[in-house]
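Down below is the structure, laid out as C-alpha cells.
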C-alpha cells in the first residue's frame, strides 16, 4: 500500500546525494562542504530529476543551524580571544567593514541600493569555521601564533554575525511607513531582550545547565547524557525565541557558551558530534537547493567579482591589517589565506535577509556561488601559499 512519505523521502534523497558528492569532493581534495552544497543543487527545483521537499528540508536545516551554533558556542574560548585581543578584535572588525564596503560598491555596480549592497557585503565578510579550522589543522598550525590569531579573529567575526542576525529583523522595518515605528526605540528593545537573555544565561543558566549535565553523568547512561545535551541545545534555542524574541541561532550559541566552561563540555561536544554533523549536512544541502546554477550563465561577471571580493579583497585586507599590527609577512600570509573563503554564516545571513526581503534572490545566488567557489579554491590557495610563503615573504620584505 503506497504512502506519502515526504520526510523520509527528503532525508533519504538529501543524505544519499550528500554522501555521494561528499565522497567525490573528498577524493578531489576539496572540502566536503562543496559536495553537500552541490548535492543540494542537484536535488533542488532548478535542476531536472528528483526534487526534494524544499519547505521540509528548510525546517530540518533549522535544526542544523541550531546544532552548528551550539557547536560554535561549545568551542568558544574567552581565554583564546583575550590572548590575541589586541589584533583579533580590531582586525576582524576592520576587515568586516572593508569587506562590507567592497560588497556595497559591487552592489552599486550591479544596480542595487546601498542598503542591499551593505547586507550583500556583510554576507561576504565572515570565514567558515569548518573550512578555517580544517585548513589550520591539516598544516599543523592550530596551536601556533598564526593559528591562535586566526581563531581569535574568527571568534570576533562570529560574534559580529550573531549580533547581525539579531539586528537584521529590526533594521528590515527601518523603512516602515508607520509613524508609530521608531527605529532607535526598536533597536533598544531588541538589544534589551538580547541583554536580558544573555544575563539570564550567565546568571541562571551557568548554574543550572552544568548541574543538569553533571547529575545526568552520574547515571552512567550515555543515552541520557546525549539526550540531556540535545534537550539543552534545542530547548534553550526554542525558549530564546518564545520568551525573549531572539533567534534560534543566538539561543543555541549561548547554550554552547554556557557549557563551554564545564568539565563535561568536551564530552557534550563529542557525544553530539554525529547528530550535529548529520543535521549540518542537511543545512548545507538545503542551502544548495536554493542555488540557481543559471546564475553562472546569467551573470558570469558578477560571480567572478563576488569571488574576487572574497578571495582577493578579504585576503589583502587581512594581510594589510596583520602587517599593520607588526606581525611578519609569514604570519600575515597564513592568516590572509585562511580567511579567504565564506561559509556557514554567509548562508544563514543571506537566508534571513531573503526572508526579510532585504536581499534580492540574485544577491543570494551570488553569495552562494561565491561560497562554493571560495571553499573549492581555498585549499589550493592555502597549499600554494604554504609552499611559496618563504619566497613571497622575502620578496615583500
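Placement of Cβ uses the backbone N, Cα and C atoms for every residue, glycine included.
Unlike curated entries, TrEMBL annotations are predicted automatically.
What TrEMBL says about this protein:
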- 6-26: transmembrane segment (TRANSMEM)
- 17-385: domain 'Cation/H+ exchanger transmembrane' (DOMAIN)
- 33-51: transmembrane segment (TRANSMEM)
- 57-76: transmembrane segment (TRANSMEM)
- 116-136: transmembrane segment (TRANSMEM)
- 148-171: transmembrane segment (TRANSMEM)
- 183-204: transmembrane segment (TRANSMEM)
- 224-241: transmembrane segment (TRANSMEM)
- 247-266: transmembrane segment (TRANSMEM)
- 278-296: transmembrane segment (TRANSMEM)
- 302-322: transmembrane segment (TRANSMEM)
- 331-354: transmembrane segment (TRANSMEM)
- 366-385: transmembrane segment (TRANSMEM)
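If you look at the transmembrane segment (148-171) against the transmembrane segment (6-26), you find fewer than three C-beta pairs under 8 angstroms, all six or more positions apart, and that falls short of contact. Two recorded stretches are said to be in contact when at least 3 C-beta pairs lie under 8 angstroms, sequence spacing 6 or more; the transmembrane segment (57-76) and the transmembrane segment (302-322) fall short of this definition.
Counting Cβ pairs under 8 Å that are 6 or more residues apart, the transmembrane segment (366-385) and the transmembrane segment (183-204) reach fewer than 3 and are not in contact. With respect to Cβ pairs under 8 Å, the transmembrane segment (116-136) is most closely packed against 33-51, considering the stretches 6-26, 33-51, 183-204, 247-266, 278-296.
Tertiary proximity for the transmembrane segment (183-204) is limited to same-chain residues at least six positions away from its ends with a CB under 8 Å from its CB atoms, namely 166-167, 169-171, 173-174, 236, 240, 244-246, 250-251, 254-255, 257-258. Scored on C-beta pairs under 8 angstroms, the neighbour of the transmembrane segment (33-51) with the top count among 6-26, 247-266, 278-296 is 278-296. For the transmembrane segment (247-266), same-chain residues at least 6 beyond its ends with a Cβ under 8 Å from one of its own Cβ atoms are 62, 65-77, 162, 165-166, 194, 197-198, 201-202, 205-206, 209-210, 213-214, 217, 229, 232-234, 236-241, 348.
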